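Look at TrEMBL and you will find 8-94 tagged as domain '2Fe-2S ferredoxin-type'. Among the features that TrEMBL reports, [2Fe-2S] cluster 1 binding site is placed at Cys46, Cys51, Cys54, Cys76. The [2Fe-2S] cluster 2 binding site annotation in TrEMBL covers Cys116, Cys119, Cys151, Cys153. According to TrEMBL, the domain 'FAD-binding PCMH-type' annotation covers 238-423. Summarising the annotation, TrEMBL assigns active site, proton acceptor to Glu1250.
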Amino acid sequence: MSCPPKSDDLVFFVNGRKVIERNADPEVTLLNFLRKNWTLLIKYACGRGGCGACTVMVSKHDPVSAKIRHFSITACLVPICSLYGAAVTTVEGIGSVNTRLHPVQERIARSHGTQCGFCTPGMVMSMYTLLRNHLQPSEEQLMEALGGNLCRCTGYRPILASGRTFCVESTGCQKKRTGKCCLDLGGNDSSSLNRESDICTDLFVEEEFQPLDPTQELIFPPELLRMAKNPEKQTLTFHGERVTWISPGTLKDLLKLKAKHPEAPLILGNTSLGPAMKSQGRVHPILLSPARISELSMVFKTSDGLTIGAGCSLAQVKDILAEQVSELPEEKTQTYRALLKHLKSLAGQQIRNMASLGGHVISRHCYSDLNPILVVGNATLNMISEEGTRQIPLNDHFLAGLASADLKPEEILESVYIPHSQKWEFVSAFRQAQCQQNALADVSAGMRVILEEATDTIKELSLSYGGVGEATIGAHKSCQQLIGRPWNEQMLEEACRLLLEEVSLPGWAPGGRVEFKRTLVVSFFFKFYLEVLQELKKLDSHHYPEISDRFLSALEDFPVTGPRGVQRYQSVDSHQSLQDPVGRPIMHLSGLKHATGEAIFCDDIPMVDRELFMVLVTSTKAHAKIISIDLSEALELPGVVDVIKAEDIPGTNGAEDDKLLAVDEVLCVGQIICAVVAETDVQAKRAIEKIKITYKDLEPIIFTINDAIKHNSFLCPEKKLEQGNIEEAFEKVDQIVEEVHVGGQEHFYMETQRVIVIPKAEDKELDIYVSTQDPAHVQKTVSSTLNIPINRITCHVKRVGGGFGGKVGRPAVFGAIAAVGAIKTGRPIRLVLDREDDMLITGGRHPLFGKYKVGFMNNGRIKALDIECFINGGCTLDDSEQVTEFLILKLENAYKIRNLRFRGRACMTNLPSNTAFRGFGFPQGTLITESCITAVAAKCGLLPEEIREKNMYKTVDKTIYKQAFSPETLIRCWNECLDKSSFHSRRMQVEEFNKKNYWKKKGIAIIPMKFSVGFAATSYHQAAALVHIYTDGSVLVTHGGNELGQGIHTKMLQVASRELKLPMSYMHVCETSTATVPNTIATAASIGSDVNGKAVQNACQILLKRLEPIIKKNPGGTWEDWIEAAFEQRISLSATGYFRGYKAYMDWEKGEGDPFPYYVYGAACSEVEIDCLTGAHKKIRTDIIMDACCSLNPAIDIGQVEGSFIQGMGLYTTEELKYSPEGVLYSRGPDEYKIPTITDVPEEFNGLGESGMFLGSSVFFAITDAVAAACKERDIVEDFIVKSPATPEQVRMACADRFTEMVRNYCLLS
């Protein structure tokens, strides 16, 4: 057997230390290398560069500028072979809790910008890189730097607050000068603050932060500087098992290599090739890296244009174009400005830093933002090969890959030439995506027109579109027919007709949404038409017609602005001891460790001896019989140890209708069939590709709720509540019958599902380290699966990187399967789901279809309401019955309606089972109720807030299920929200704005909330705690709650500190373990801190009672003296605290009970602005009022409310699950599934948990309000069908106008 070829040494630096990798594998990413070889704890979250969790800084010497360039990148995409001569800085390299914190780390923690902390290292490194380039960045630069980082917990506001402390003074708030914030007054009453002396607005003290000292930063390694100034000219080669990476040192060598290996792709940023190789399993035997060739990064400026090297990153291209725009006359920079506009929103900062101009062009993505502009700008591609150079036009023939216009196999793209524009030439760019930034465009466009000098006659016209076909396409015929026409309304009409004929999307067009995309094609041209008219008006104000003021707003794009606002909370009593931390904004216990990367999550636990990796094999069919499973090829692969199948399970294989591993039949795509265990994760992943499963399709295959209803496919009996006489009430009133659709939602916790199972040497004991909200459930499931007693299994939970309900039931499945593998092989098993598999397998929030019939009087009083709900439960029961129950119980929200009937059913479909999710049915169900209110308002000609107020509970009363409650707090929250948000005056301003603007509309909505806390069973409210006091006086607190980011451990120490009258510095929480506190309940239902806090309180009170005699005997003694004396007197210094729980029950037969311990009340007001031409929206302001009773920690609780609000906002606006006709989930990562980003946070975000989730619907109803204003102006009488999420597609198509009409007429004709 021949030896593999010898590789060159790969030399780079990590955190100031030299790395010499002698066997660099081109398939290994920087993320995997650092985690496995350096045991650095960079976080793996998506693996596709879309979430920013693995952000690090790379520093390189730029040969063109001769300067050191610092830039952020996502380590999950960067092959280590690309880092020759680079310096990598990770979060561990800039500071540590054990040495010295960097100011970025300190400030994000002390500003309460961390919750679960999984995204925090990435946030820190994005900010750190920004500060290395700009010591005092602008707020715009801060937003740009963080645009590629996702957070699912905080709502972003506190992260931005920490970053703002580094920014240059803005012209906004004068707080630093006057001591008063411009937003502090709130409401209409300028004296309100004087009456609120017990209200605080400061969550941290900026003056206490350590200053930023740039002299303390890591220097660029001198050795790398010497290497850069005397570059290695020889070709470097790195041989991996399957791939060889060749990095030539000269352009001549690169061209020689390209001629020798014409099929080998060039790789620079790996932002296109990397994700494609991962998702499609493609392997390129040879990769050519031009990273060391300076000629490909050259920039040449001439009198007629700009030539940019193909190797320049998109971030560099942005800087180059910005410089040109600042230096040249406006008439010459039309194309450059258009490109700049799209470069600001294209992907995140990290991707722009990595992706190259050449890679973007050559990839020819159909959704490209830049290629349509380069096409209309007449860009030229400068190709080079050993044969010489040639130029080819960058046009749609090239982008379609036509052989006659394509590059030759031996050629490479050297540079792109972009000519200057000229006078009477106008270039514009347009795009519309699911959200404003960091999202692939649904449609993008580049448009250019040249007019005959000093006229409005079209001399030349070029229109190019992305997203409407398999490649970027041009509308050449349309443009040709319009030449010679004047730029006027008749031309516009004709152009739209021609465009719809030429740019005709087939029904199977990429991404679907055909009618929406056709509408954007003509809407974009209308915007271009107006922009050119506006420019002509500037050139000659007398000759060209005025654009109506009402149309001018169509020209303005929504600006990207960081959120501002005031967070108010009740200060502690002035008599409260300074030592008592309860009620104070204490930093999260793990905040600093989150910020330094030292917080250990499940997969950060170092590998143990003989550990194996497990990868799951899932069904590719939605409903089928398993005919055969052939494992032979997989088992022959190197490193593969075994395949775990259903027959390997010694105990119970799940439930009868919900198997852990499929037996004979699969019920959905993504159902787990078996699991491969191998020496490495790479070997296991390669093995699953070799497993051959033969299926036979079964009928019926059901995906939708409507199909389930048709086939009578349900998971459980109907749940029903009724009061009054509904039929009689309907006879005497006006009625509305409507439907409401609410889409599902992916949990998108930053830390995917993961578990480590370690078998012990004796007694069948197992240690399980798992990311879960319910370790006891994991313990019980593993016990029944292995058929061993529960007392042999210990589950450990240090912290969880987000859960939101998705880690209540599901981790037990993965823990059990991994445990079977551990028992069978006798070796530890590590199971870490990739993001794609996590999203495919685990399910999420239940989609809902609701029908309501409402009876009302002309004055808006609702007399009767009948709601029937169907939720999509997926293929097994899971939590669907409980979700249905909670949905029905919570449907009434804040309203007293005397005649009610609520019915609900869970549908069985061939999709992965949906499960618990924050709000547990409330966010979906209550949207129906609020939609009903909006519909009644429209029919009565009244405002929705008037209908809400008229029908709200007013006095002590009983709910539909006969539970008594007082609405006093609800009414107070409602009134305070009206006041603090200045609602009524802003309502008038919104109406005034809408009168003056035709193409932009504002909407405002205020929503009340009565949210029931807890489970509907007494046993689920019990909790226990164990508190030890050691002889040195230190205290160890353990309890049954799990740290998910909600700060439960912090709050428990605050409780213990108060009870023991001892500083928190004496106390510690280690982990949640089933060995210390058994039989725990899931940390869920907004009740974890409540019940566990009572248990901790009980344990501390027991201990203090035992210490009382000693303290009385020596009142002047210290805590340590008392503890020493207690030990000497043989007094137990350990106590178990217990809380028996709140009483809660529900009798569904009688339709009554007291299912909830108590309610949380709140209200939210949101204002938005929509673009009627594109469907985009901008969140202008949100005010949230929440009654948190006596907050244990206002900083944490405010963070929970804001975070859940933003998550709810995502549910109702951007988060859309897409399935193929075969039931395969398409949206399986951050590229396709858009959770809110930092630019989606309301411009002004003011506020005083789970309970905040539904308040995100205030944004949905504000959008509905804006759409209603547009429809009213257009005399559209048909009702706006309520469909959530309110995506740009939904909004655009609801704002019907001449362009939607053109599209519909065209569709009818064709």
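Just so it is clear, glycine is given a Cβ too, placed from its N, Cα and C backbone atoms.
Comparing the Cα of Cys151 ([2Fe-2S] cluster 2 binding site) with the Cα of every entry in Cys46, Cys51, Cys54, Cys76, these being the binding-site residues, the smallest distance points to Cys51.
The Cβ of Cys119 ([2Fe-2S] cluster 2 binding site) lies under 8 Å from the Cβ of Lys43, Ala45, Cys51, Gly52, Ala53, Asn149, Leu150, Cys151, Arg152, Cys153, Met750, each of these being in the same chain and 6 or more residues away along the sequence. Excluding Cys116, Cys119, Cys151, Cys153, which define the [2Fe-2S] cluster 2 site, the same chain contributes Thr114, Gln115, Gly117, Phe118, Thr120, Arg152, Thr154, Met750, Gly801, Gly802, Gly1045, Gly1203 within 8 Å (Cβ to the Cβ centroid), listed in sequence order. Sequence-ordered, the extra residues of this chain that approach the [2Fe-2S] cluster 1 site, with Cβ no more than 8 Å from the Cβ center of Cys46, Cys51, Cys54, Cys76, are Leu31, Lys43, Tyr44, Ala45, Gly47, Arg48, Gly49, Gly50, Gly52, Ala53, Thr74, Ala75, Gly122, Arg835. When the alpha carbons of Cys46 ([2Fe-2S] cluster 1 binding site) and Cys116 ([2Fe-2S] cluster 2 binding site) are compared, the span between them is 16 angstrom.
The two recorded residues, Cys116 ([2Fe-2S] cluster 2 binding site) and Cys76 ([2Fe-2S] cluster 1 binding site), have Cα atoms 21 Å apart. Counting only same-chain residues six or more apart in sequence, the Cβ atoms lying under 8 angstroms from the Cβ of Cys54 ([2Fe-2S] cluster 1 binding site) belong to Leu31, Ile42, Lys43, Tyr44, Ala45, Thr74, Ala75, Cys76, Gly122. Cβ neighbour count for Cys153 ([2Fe-2S] cluster 2 binding site): 28 (other Cβ atoms within 10 Å of its Cβ, all protein chains included). With a 10 A radius on its CB, Cys116 ([2Fe-2S] cluster 2 binding site) counts 30 other CB atoms from all the protein chains.
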